Amino acid sequence: MPTAVSDAAAPAQARAWIEAAERVMVLTGAGVSAESGVPTFRDALTGLWARFNPEDLATEAAYREHPRMVWDWYQERRARVSQVQPNPAHLAIAALATRKTVALVTQNVDGLHQRAGSVGVIELHGNLFANKWLDGCGKCDVATAEPGRPPRCAACGAMLRPGVVWFGERLPVVANYRAEEAANTCDVCLVVGTSGMVYPAAGLPGLAKDHGARVIVVNPEPSVLDETADLVIHQPAGVCLPAMLA
């Protein structure tokens, strides 16, 4: 159960726990990026894409069947994300890492943490601006890919695909290992802007708590992670983190 403190006192209590910690794990979700104007996957698509469900486009099967359409959708997403800026929450998390040992684990693919100055970000779901080969001949080279929608290998015709984790795919092995290691060794697990509905990421706060960490949840709305938390702060991240992490 969360520690019994008033809503007004909760940020100060969180700050005290973080200051006393040697190792802090920060887990961020779509809510952090939403404060910068990045749509979440729960938001309805607009414009030319209004008739589609994002979960129907972000799959390997959809890409193999409609590669041009899905590639174009990701290109539009890249263009939109390129126009937004990191918000005060991103900046506060980056600043914390200049004076604390911080493992930053994110479910977001937009690269806003890196643009805010965070380094060594553990990207559980990949990166929107990266590409990788869907298949490959062993000689595929991104640098010499033939232009197209999508680009293809000049040797075998394999398609480039966005470097994100699609629905039904496993998390990157190294990123998942690093995230679990951070959960196992942190003193405080700060969970920001996630609904706690997407696994395996949603299991990390519980893993941290099982290993003795205090869990702090920051989210405007109640989430399933509130039951795991030692402290819950129902505020937007950009509002409370700058002072809480200063």
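Using N, Cα and C of the backbone, Cβ positions are placed for all residues, glycine too.
The following features are taken from Swiss-Prot:
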ACT_SITE  His125  active site, proton acceptor
BINDING   29-49, 107-110, 193-195, 219-221, Ala237  NAD(+) binding site
BINDING   Tyr74, Arg77  substrate binding site
BINDING   Cys137, Cys140, Cys153, Cys156  Zn(2+) binding site
DOMAIN    2-246  domain 'Deacetylase sirtuin-type'
Nearest-integer angstrom distance between the alpha carbons (Cα) of Asp110 (NAD(+) binding site) and the residue listed as 'active site, proton acceptor': 10
Counting every protein chain present, what is the number of Cβ atoms, excluding its own, within 10 Å of the Cβ of Cys137 (Zn(2+) binding site)? 11
I need the CA-to-CA distance for Gly37 (NAD(+) binding site) versus Arg77 (substrate binding site), whole Å please. 12
Calculate the per-residue pLDDT averaged over the domain 'Deacetylase sirtuin-type' (2-246) and state the result as an integer. 92
Among the recorded positions listed here (Gly29, Ser33, Tyr74, His125, Asn219), which has the Cα closest to the Cα of Cys153 (Zn(2+) binding site)? Tyr74
Residues within 8 Å of the Cys137, Cys140, Cys153, Cys156 Cβ centre (excluding the Zn(2+) site residues themselves): Trp133, Asp135, Gly136, Gly138, Lys139, Ala154, Ala155, Gly157, Ala158
Taking only the recorded positions Arg77, His125, Cys137, which one has a CA atom nearest to the CA atom of Gly29 (NAD(+) binding site)? His125
Cys137 (Zn(2+) binding site) to Tyr74 (substrate binding site): how many Å between their Cα atoms? 24
